[in-house]
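A.B. asks: What TrEMBL records for this protein is below:
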DOMAIN    3-99  domain 'Pyrroline-5-carboxylate reductase catalytic N-terminal'
BINDING   ALA67, VAL68, LYS69, PRO70  NADP(+) binding site
DOMAIN    162-265  domain 'Pyrroline-5-carboxylate reductase dimerisation'
Amino acid sequence: MTRIAVIGGGKIGEALVAGLLEAGRATKDLVVAEQFPARAKEIAEQFGIRVTTVADAAEGADLIVVAVKPSDVDGVLTALGEVELDSDREQLIVSLAAGVPTSRFEPKLPAGFPVIRAMPNTPMLVGEGMSVIAPGRYVKEAHLELVRDVLSAVGKVTVVSENQMDAVTAVSGSGPAYFFLVVEAMVDAGVSLGLTRRTASELVVQTMLGSAAMLDRSEESATELRAAVTSPAGTTAAAVRVLEQNGLRSAFIEALHTAKDRSAQQGAIND
Ligand SMILES: NC(=O)C1=CN([C@@H]2O[C@H](COP(=O)(O)OP(=O)(O)OC[C@H]3O[C@@H](n4cnc5c(N)ncnc54)[C@H](OP(=O)(O)O)[C@@H]3O)[C@@H](O)[C@H]2O)C=CC1
Ligand SMILES: O=C(O)[C@@H]1CCC=N1
């Protein structure tokens, strides 16, 4: 079985570990490196897996997943310098760090060592993640297949070229946060209309679940499905008009452009 070292036991590291364990991966095949002692203890206790240093975790791992903040990537690369990495053993690095290009890793690793840039999202915690992967210059098809195989246990996986990864980060990496924000706003609106928060939450969550399931299963686009809800001169048309008047669509477009720029900026050497 593939041995996986997750460097960084923060939010996304935890989502990956939890999703992989839930999907049936054995605790003995997972190890986490986490520098913050309280967090390291929490992860070890919660998941019953080994939590150790970067060098110890990477030693003997087939897949080294870098799940630290972009500004901490160089520190991880320095720590990996203590490890005898071996590309002949099909060992490889998968970086989840937003914005950081594979070309930032490659010169600091043994010649030809493969690096894949990946952008997952937190719904992998419940097996419904969207992971996008992009190969660095030394990546072979077998490496991509291995990473696809691991990540497909926690959701969907697609491959793009690396120059699209900042856009991907803005859309699906950060995407769950936009969704939760819309949920918060709709629940607040329900409360302001006189519903209890509990009732408003139940209504909104099930409406989101049902609508997502329709999008997933139906041949129709979001535009067509929305049209089907919008009765002539009815409530939906009235509400959508107000949302458009208030710039919902252009707010999303501008927000995602800003997220893409921020991704690229975080990947620059001095972010
Ligand atoms: N959160 C998300 O939804 C997603 C995040 N990402 C990417 O994943 C990365 C991590 O994000 P996130 O999980 O939110 O961040 P967090 O800050 O929650 O987690 C990062 C963890 O890594 C630890 N860490 C930092 N350096 C080291 C080191 N050298 N050795 C061991 N542990 C270390 C940090 O410790 P300390 O607190 O002490 O710094 C922290 O606990 C980022 O690059 C982000 O762009 C990608 C997709 C989605
Ligand atoms: O907010 C961030 O920078 C990270 C990357 C995508 C989701 N979270």
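Cβ atoms here come from the backbone N, Cα and C positions, even for glycine.
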A.B. asks: Report the same-chain neighbours of VAL68 (NADP(+) binding site): residues 6+ apart in sequence with Cβ closer than 8 Å to its Cβ, ordered by sequence.
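C.D. replies: In sequence order, ILE7, GLY8, GLY10, GLY75, VAL76, ALA97 meet the Cβ cut-off.
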A.B. asks: Cβ within 8 Å of the NADP(+) site centroid (ALA67, VAL68, LYS69, PRO70 excluded): which residues?
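C.D. replies: For the NADP(+) site, the extra neighbours are GLY8, GLY10, VAL66, SER71, ASP72, VAL73, VAL76, LEU96, ALA97.
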A.B. asks: Taking DSSP states H, G and I as helix and E and B as strand, how many residues of the domain 'Pyrroline-5-carboxylate reductase catalytic N-terminal' (3-99) are helix, strand and coil?
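C.D. replies: The breakdown for the domain 'Pyrroline-5-carboxylate reductase catalytic N-terminal' (3-99) reads 45 helix, 19 strand, 33 coil.
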A.B. asks: Here are the binding-site residues: ALA67, LYS69, PRO70. Which has the lowest count of other Cβ atoms within 10 Å?
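C.D. replies: So among ALA67, LYS69, PRO70, the binding-site residues given, the one with the fewest Cβ atoms within 10 Å is LYS69.
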A.B. asks: Mind looking up the mean pLDDT for the domain 'Pyrroline-5-carboxylate reductase catalytic N-terminal' (3-99) in the predicted model?
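C.D. replies: Average per-residue pLDDT within the domain 'Pyrroline-5-carboxylate reductase catalytic N-terminal' (3-99): 94.
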